[in-house]
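Chemist: Following this message is one structure expressed as structure tokens.
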Ligand code: TYD
Ligand code: MG
């Protein structure tokens, strides 16, 4: 019997070492090494994909005629990928369990009326059929399904069937015959992903690979996985809400400034046609403690509603908590309000919630967050159809944001009447929509005086 070979792998970058080390010499992370059994036997060739004849070519002689992209029925996904899928590309789709990864890709294959193969190590064929019937009234007879988890078999099936699209659900369930560690371990993921990439490049079959996500939002397995594939998409959203946001994290064939929005419904995921206002709760009466901000997700302006609750702290230390917003940034904004603007919030509990259940990173939401807090503290509501788009600096000044014209147009399009922006923003009086009043301010107090007086 061949001797078992053990090795240590860095869970961050996939670096392999024969001995345990505290610090990874490749990526300098601490305590990332885990032990795994790697090979059952030594083999000269461990790849299932046949090697293509290759020799160096002159770059000028490389056939520059681009292979046509494969256009999907889902226009949102086409746009996100930079205008369809490149033949032979490998797309990694990450996201929390239950967010809708399997549904999205199943739907994609059901809409694609050519040979497709869905490999699922997660669910049985019956479960998938059941789900497919919920999504689509007819199942095309070019749709193939397999519950195989052995990568060698999958490569064999793909070579026989030559599908136009291949989905792997998920990379964490795949197993390489020559590697002894459990499915989902670093060496398994690395080897299986390597095989899939080779398969895609030699056959031109585009492959979608689902990847699980860890507690802190990273795609489980080595970071290496993200380096290996061509496109990384991230599926986000809150389970309690029906909205899902698909974000391009890496794209070798397009830019990553795009997002796609979907609604999870009974019959699967539907693209949202007019995403501008989907995060607004649409209440009728005006309540204190809410303010609308205009943020940019990639290149797309979105209106978001920030809700704040300010109340006297019952216990000694006031609580500050935020959902969908960085707590550190919230603390910074509260400190600015206290020190620079003279609002006494030091002994207050402050709770902040961004409606819609997704996390915002655009600092252009600062002014809206601050106004929601002040509105709650004073218990005065902000007039309807009022929005904010500015960042707050440490000195309390109201600072300009990028692509302001685009944000103004979006607010005007959605019927907003008044938009507070920074006085220092350049060319805000260019070609602006007539229906909206743009109010330039340099201090938070100016907005307070105008709205709460
Ligand atoms: P799923 O695709 O299984 O998530 P993942 O593969 O990311 O783990 O999504 C499962 C959730 O989607 C489940 O909670 C039910 C919901 N869902 C719908 O609301 N409508 C539908 O038509 C389908 C198929 C699923
Ligand atoms: Mg799934």
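Each residue, glycine too, has its Cβ placed from N, Cα and C.
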Chemist: In TrEMBL, which of 240-244, 245-249, 250-254 is labelled motif 'RadA KNRFG motif'?
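Modeler: Among 240-244, 245-249, 250-254, the range TrEMBL annotates as motif 'RadA KNRFG motif' is 250-254.
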Chemist: Specify all same-chain residues, apart from the site residues 95, 96, 97, 98, 99, 100, 101, 102, whose Cβ lies within 8 angstroms of the center of the Cβ atoms of the ATP site, ordered by sequence.
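Modeler: Filtered neighbour residues, in order: 103, 235.
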Chemist: Are there residues of the same chain, six or more positions away from residue 98 (ATP binding site), whose CB falls under 8 angstroms from its CB, and which are they?
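Modeler: Sequence-distant Cβ neighbours: 239.
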Chemist: Other than its close neighbours in sequence, what residues sit by the motif 'RadA KNRFG motif' (250-254), given a CB gap under 8 Å and a spacing of at least six beyond its ends?
Modeler: 80-83, 86, 89, 226, 229-232
Chemist: Given a 10 Å Cβ-Cβ cut-off, pick out the one of the binding-site residues 97, 100 that has the most other Cβ atoms nearby.
Modeler: 100
Chemist: Indicate the candidate from 96, 101 with the smallest number of other Cβ atoms within 10 Å of its Cβ, considering only these binding-site residues.
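Modeler: Comparing Cβ neighbours within 10 Å for the binding-site residues 96, 101, 96 has the fewest.
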Chemist: Can you tell me the mean pLDDT for the domain 'RecA family profile 1' (66-213)?
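Modeler: When the pLDDT values over the domain 'RecA family profile 1' (66-213) are averaged, the result is 91.
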